[in-house]
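Single-structure report; data block below.
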Amino acid sequence: MAAPMAELPVEPQSLRKLSLKSLKRGLDLFAPSHGASFPLDSESKRIRVGYKVTAEYGRVKNLPIEDTQDKSKDKSKQSSALLALPGIPESKDSQKGDQGALVMAPPMLPKAPELAMPSKSSAVISVPGSSDRYTSSSALIERIASKWPKPVWHAPWKNYRVISGHLGWVRSIAFDPSNTWFCTGSADRTIKIWDVASGRLKLTLTGHIEQIRGLAVSQRHTYLFSAGDDKQVKCWDLEQNKVIRSYHGHLSGVYCLALHPTIDILLTGGRDSVCRVWDIRTKAMVCALTGHENTVCSVFARPTDPQVVTGSHDTTIKFWDLVAGKTMATVTHHKKSVRAMALHPKEHAFASASADNIKKFSLPKGEFLHNMLSQQKTIINSMAVNEDGVLATGGDNGSLWFWDWKSGHNFQQGQTIVQPGSLDSEACIYALSYDMSGSRLVTCEADKTIKMWKEDLSATRETHPLNFRPPKDQRRY
């Protein structure tokens, strides 16, 4: 048995070197014959000519040749027979000579082709000699203007104040109807009340034993409502600065809270997948809106049906009939958890946000309007819209994006900066809200700070132009 041959070591080569060697090999192979014409093959030409003669002229190739004198005689006979027909006069030349000639009408000249004048609406002029296959189809089709609404120009927003005072993540916010103060709830289990104008701390309320997830201030009473992970929902009397009522019934943490605009009822949603309706004065649970399959993490109320709208981690949005306590409709357009919703203050529409998209729906039927034209590509924890049509969304990665409500155009992409001493991973916006005038925006963040934003009054259309491109196709879901 022959001894095996010794394997030669393979030189390691980089991908770039191998690619260059392959290119050189192809160049050496094809470069000498580049541009040269192929030599003509006489044998193939003879075969092609012979086939053409046989195929096209084979039937008439060997016909017998007729006598030309017999043809002239036949023609003279035919002309004399035509002259003998009634109604055709004989000419003098035909009467004199034996060779008759048929008197014919003056020859009809071929009609000149009419030149087609281009109409005013036609935009394409045909050039003689141009080939149709080089004509672009886009030049023949009239361009249709986009039906997508053009966005309104908004001034960019800038951060003008940072408030620090909480000892934990700031998870919730609510504004006073008089627009003089706002309150924030935190993971340090306290509620702090701040002055809107100066940003100074006015009051601290303690009583919860877990982080505070939801806050709401009543427009008709001097009451503040709070909800947290400790399963408790509390009513604070701001004249006495103490808890006067507690609402017991949730089986797990309470994630969201809302007040009905016209009736004295309170809506809370939590990890027990139920939205509970409470009577503010009697502390009794009016009904439990059951139907979601996962945590209810966003809720808002309206004066007309559907009076309650909830969003959940089960990716659905449900409209509720408050009288019957049943679902009116279920919206299933989202593919991820619906963590935030925002009701427009003037229009009969609302927006909902999840990690896949921000969508707009009409009310009361919940018809899908359109997606926002960009994707934030992060978990969106909170959103708010003011009367000017500026929608703000806060993400888990600290991104703060501003949108035009009408068109869905994203006109500003901001990024929050963590306070010194915090981790970069703590650049997370948990809650945000406009004040009552809509001119100031307050964000609550994971670096334990509260940031206040306002429009940059020095910005103009020239310094911040509107770079908008309408979408080519509108998604229907």
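The backbone N, Cα and C atoms fix where each Cβ goes, and this holds for glycine too.
Please treat TrEMBL annotations as automatic predictions, because they have not gone through curation.
According to TrEMBL, the features are:
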REGION    64-99  region 'Disordered'
COMPBIAS  68-77  compositional bias 'Basic and acidic residues'
REPEAT    163-204  repeat 'WD'
REPEAT    205-246  repeat 'WD'
REPEAT    247-288  repeat 'WD'
REPEAT    289-330  repeat 'WD'
REPEAT    373-413  repeat 'WD'
Tally of residues which DSSP labels helix, strand or coil - the repeat 'WD' (373-413):
0 helix, 22 strand, 19 coil
Is it possible to list how many residues within the repeat 'WD' (163-204) are helical, extended or coil according to DSSP?
0 helix, 24 strand, 18 coil
Rounded mean pLDDT for the residues that make up the repeat 'WD' (247-288):
96
